[in-house]
Amino acid sequence: CASQGQKCKTKSDCCNGMWCAGTRGHTCYKPK
């Protein structure tokens, strides 16, 4: 899976239930 800050296409690409979003290409991040 993708770590925080890594590129992703969907939320399922990210580790630990992190979200996938971004304006300049999606990356994984921890929701607040």
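Placed from the backbone N, Cα and C atoms, the Cβ positions cover glycine too.
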Member of CYS1, CYS14 annotated by Swiss-Prot as disulfide partner of CYS28: CYS14
CYS20 - recorded disulfide partner, Swiss-Prot, among CYS8, CYS15: CYS8
Top Cα neighbour of CYS1 (disulfide bond) in the set of disulfide-bonded residues CYS8, CYS14, CYS20: CYS14
Assigned conformation of CYS15 (disulfide bond) - DSSP reduced to three states: helix
Around the Cβ of CYS15 (disulfide bond), the count of other Cβ atoms that are within 10 Å: 12
Among CYS8, CYS14, CYS20, CYS28, the one of these disulfide-bonded residues whose Cβ has the fewest neighbouring Cβ atoms within 10 Å: CYS20
